[in-house]
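Colleague: So TrEMBL lists these for the protein:
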- 1-12: compositional bias 'Basic and acidic residues' (COMPBIAS)
- 1-20: region 'Disordered' (REGION)
- 27-50: transmembrane segment (TRANSMEM)
- 70-89: transmembrane segment (TRANSMEM)
- 96-115: transmembrane segment (TRANSMEM)
- 169-188: transmembrane segment (TRANSMEM)
- 194-216: transmembrane segment (TRANSMEM)
- 315-336: transmembrane segment (TRANSMEM)
- 356-377: transmembrane segment (TRANSMEM)
- 398-418: transmembrane segment (TRANSMEM)
- 443-464: transmembrane segment (TRANSMEM)
- 485-505: transmembrane segment (TRANSMEM)
- 525-545: transmembrane segment (TRANSMEM)
Amino acid sequence: MAYNSHKDDKNVDSAQQKPSKKGGWKAAIFLLFIAVVERFSFFGLSANLVTYLTNELHQPTSTAAKNVNIWTGVSNIVPLFSAFLADSFLGRFKTIVLACVIYLVGMILLSLSVSVVPLDYRKVIVFVALYMIAIGEGGHKPCVQTFAADQFEEDSLQNKKVKSSFFNWWFWGIVLGPSIGLLGVIYVEDNVSWTVATVMLAVAMAAALILLLLGVKRYRKQGPLGSPITTVAQVLVAAARKWRVDKKRDSGGDFREDGLLTPVLFQERISLIIKLVANCRCLDKAMIFDKHDAIIKVRDPWRLCSLNQVEEVKLVLRLFPIWLSCLMYAIIVAQMNTFFVKQGSTLQRSITPHFVLPPATLQAIVGLTIILGLPIYERFFVPIARKFTGHPSGITMLQRVGVGLFLSILIMVVSSLVETKRINVVKEYNLLDHPKVEVPMKVWWLVPQYIITGLVEIFTYVGLQELFYSQMPESMRSLGSAINLSVNGIGNFVSSVIISMAQGISSKHGEEWLGDNLNRAHLNYFYWVLAGISALNFCFFLWIAKRFVYKKLDEDDVPEEKESGAINRDMGEEII
């Protein structure tokens, strides 16, 4: 008995169509500009949000930090739902448009809440607006990134190099927007008014929506292909329902969408899309064709899944340990929007007698580091590394991520040492009980920790971005992008939990590590704790990376893998 898949028919029809003249850089450039403008709008708000919550809404420092982390976390979790919406119902382009509209409405509501809404009701309206922005920002983010990458073919080594380079320039572009926002908008927020600043952000978001619509005829678009989340659920349920089935005793073969494979044919037939990966073998039971399947006329997708479905789910699940090991990176970076800003607000920030640098503006150093560092990475580091490794990208994706995770430890070590220096100056000038008095120490002491944060983003963020795109099944790439973004989302949530734990434990012992008076607090202790956890996490990552097996592609790709200096093992490629 064989079952036919309508989805498979659609893929065949699609493959027989002539290649579209749409797409390429002429389409991707529109999406790159949209990303720049949107990032300008988002970071112009998020980078200084902790200041607004403490100074305008009068929230305690630890509460404001947790609120910022939770809000940022929501914006990075929403992509999981928007990816489902795009893949199941709307397609990527329509989802991007819908998310941008919600985003714009949220920005308009925020500008009204900080200007015309009475103070008694302002807090509620502000948070409603903020979470609309989080939904809009998170809703468009996984789709626009994947939609932009979809504009490029991946049918040759040259095109793969173009796409790999695209990820670098994409990240360079989305860093340019925040850098402009940090240098311009935050100055307006601190020295003019939040009303003017939020209007600027709303106008920027309107411009992004217009740009998106202007390029509509250039985009290579496809409709919804079905939810990958549903596929994952079906395989897990089917495997669970057959966990007692013995393949040798009860199986009549293994099921593919184009027919039933007997045990002999199963060894001879290999998928042209992906090779079998030698992990998560327990999921193979989902495709066993047993006696119950033989007596029904219509296949139950929650009991019998195809070979390709099972292998696609394996590709997704094998990325989970990497995802887990990268949460600590997100926790470290989350401190930049909160405690780094509060640190800077206590230091000398006068550039001239009439110009005081807003503390959140220092985050622009991260963007400038990335803007300068990515071309250096692309033009110098990659060619030099390629000579030693033979790998087309210089180093593998996981090696790139690993370098960033190591540097994240260094961020906390440097931050703790600088904070210890600041506390010593506070004690020297008897300022422990004068938190609003400027500490006689230049704000430039914070520059190294911002520079290292930029380097971490170059290595870890871009590495994860490419990993979760290239190592996902093609039909699940929106989900892969969303899972990648959820690293930051869950990381921010965990950061809020760690802040609460640090506050609770330290308060019981008489000293608040994260109190409103940073001169009496022990932020340096908090940073040392994060550094220690990061070091342990780095060891965990190395253990995971040594066992990671890359997705195998077509037969033509195998020589490339061997030339790259990687080690082929079993049916996959081992790294490190």
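From the backbone N, Cα and C atoms, a Cβ is placed for every residue, glycine too.
Neighbours and distances for these, please.
Modeller: Packing against the transmembrane segment (27-50) from elsewhere in the chain are residues 61, 64-65, 68, 71-72, 100, 103, 107, 110, 130, 133, 137, 140, 144-145, 147-148, 151-152, 166, 169-170, 173-178, 180-182, 184-186, 189-190, 197-198, 200-202, 204-205, 207-208, 211-212, 214-215, 218-220, 337-338, 341-342, 358, 360, 363: each is 6 or more residues past its ends and has a CB under 8 Å from a CB in it.
Counting only same-chain residues 6+ beyond the ends of the transmembrane segment (96-115), those with a CB under 8 A from a CB of the stretch are 38, 41, 45, 56, 82, 90, 122, 125-126, 128-140, 143-144, 147, 194-195, 198-199, 201-202, 205-206, 208-209, 212-213.
Within the same chain, residues 32-33, 35-45, 47-48, 145, 148-149, 196-197, 200-201, 358, 360-361, 363-364, 366-368, 370-371, 374-375, 457-458, 461-462, 465 sit at least 6 positions outside the transmembrane segment (169-188) and bring their C-beta atoms closer than 8 Å to a C-beta of that stretch.
Sequence-remote contacts of a segment are chain residues at least 6 beyond its ends whose Cβ falls under 8 Å from one of its Cβ atoms, and for the transmembrane segment (315-336) they are 69, 72, 228, 232, 274, 277, 279-280, 283, 363, 366, 398, 401, 404-405, 408, 411-412, 415, 450, 453, 456-457, 460, 464, 467-468, 471-473, 476, 479-480, 483, 486-492, 494-495, 498, 527, 530, 533-534, 537, 540-541, 544-545, 548-549, 551.
Counting only same-chain residues 6+ beyond the ends of the transmembrane segment (398-418), those with a CB under 8 A from a CB of the stretch are 322, 325-326, 328-329, 332-333, 335, 340, 343, 445-446, 448-449, 452-453, 455-464, 467, 524-525, 527-528, 530-531, 534-535, 537-538, 541-542, 545, 548, 575-576.
Long-range contacts of the transmembrane segment (443-464) within the same chain, counting only residues at least 6 positions beyond its ends with a Cβ under 8 Å from a Cβ of the stretch, are 167-168, 171, 175, 322, 326, 329, 332-333, 336, 340, 343-344, 347-349, 357, 359, 362-363, 365-370, 373-374, 377, 397-398, 400-401, 403-405, 407-408, 410-411, 414-415, 418, 421-422, 484, 487.
Listed by sequence, the residues of this chain that lie at least six past the ends of the transmembrane segment (485-505) yet keep a Cβ under 8 A from its Cβ atoms are 62, 65-66, 69-70, 72-77, 79-80, 138, 141-142, 323, 326-331, 333-335, 464, 512-514, 526, 529-530.
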Colleague: Any residues 6+ beyond the ends of the transmembrane segment (194-216) with a Cβ under 8 Å from its own?
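Modeller: Same-chain contacts beyond the ends: 27, 30-31, 33-34, 37-38, 40-41, 44-45, 52, 56, 93, 96-97, 100-101, 103-104, 107-108, 110-111, 114-115, 185-186, 188.
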